[in-house]
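Going by TrEMBL, these are the annotated features:
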REGION    1-30  region 'Disordered'
TRANSMEM  50-69  transmembrane segment
TRANSMEM  90-113  transmembrane segment
TRANSMEM  133-153  transmembrane segment
TRANSMEM  210-230  transmembrane segment
TRANSMEM  257-278  transmembrane segment
Amino acid sequence: MEGKEEDVKLGANKFSERQPIGTSAQTDKDYKEPPAAPFFEPGELKSWSFYRAGIAEFVATFLFLYITVLTVMGVSQSKTKCATVGIQGIAWAFGGMIFALVYCTAGISGGHINPAVTFGLFLARKLSLTRAVFYMIMQCLGAICGAGVVKGFQGDNRYEMLGGGANVVNHGYTKGDGLGAEIIGTFVLVYTVFSATDAKRNARDSHVPILAPLPIGFAVFLVHLATIPITGTGINPARSLGAAIIYNKDHAWDDHWVFWVGPFIGAALAAVYHQIIIRAIPFKTRD
């Protein structure tokens, strides 16, 4: 008991890793809206759970880039499409890794693994600015390290020849096309995140079990099927940044802004749509 009190005193359990979601946010059918996260919470910086969550985001994004970029490069180096998993396999790699990693990290950090998801949840007041910025930094660092390990395995020449898994707007499409694809693709992803983790929906439909990582991973899979021919599919600024930094060629940087602006706009639109249109939170009577 003494050790537990000391742990609490040090702040290890003072701040929860994430906003309660699903059935953990309520005890019965009489749903109560959880309070909004504070805009800035300096006390989090003294909490071990805060740093543990950031480490979880780093490791998850590292593993995400490692598996997915290796898959992309495996398809790129094949002489015939029949000898590889093809676009469908790439899409499954991205969607499957998100499913697995969200499942593993949801109870620690919320399982964001994507600055656009973090940004959308921040706009919805699901986490503080302090935590959001920390998550984004750790996600980007994890992505850089993941892409770096892939380059180490492939070797400089092969890595550069195969494009390094970097996102670019493909030939035949304009930057406007790429931007639109990234906005809509990220909207699909972040809207699915909001819907799959909506505590009110789970309270109302508790008889229908839902494993949140499954629809989220499936949304990533479907968006990749649709937009790989256009941009290679970013919808995750950390993924795009990690590959661009390690690849470091001019044509990857020329279009790089598309893979930040598009996902952030898409995430913001999804947050506004879910919170204002679907949930109508600003219009609810407050006690």
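Glycine is no exception: its Cβ is also placed from the backbone N, Cα and C atoms.
With a cut-off of 8 Å between Cβ atoms, the residues of this chain six or more beyond the transmembrane segment (90-113) that come close are 17-19, 21, 52-54, 56-57, 60-61, 63-64, 67-68, 71-72, 75, 121, 126-127, 135, 139, 211-214, 216-222, 224-225, 228, 233, 236, 238. Tertiary neighbourhood of the transmembrane segment (257-278): same-chain residues 114-117, 119-121, 123-124, 167, 169, 175, 178-187, 189-191, 193-195, 198, 231, 234-237, 240-241, selected by CB-CB distance under 8 Å and a gap of 6+ residues from either end.
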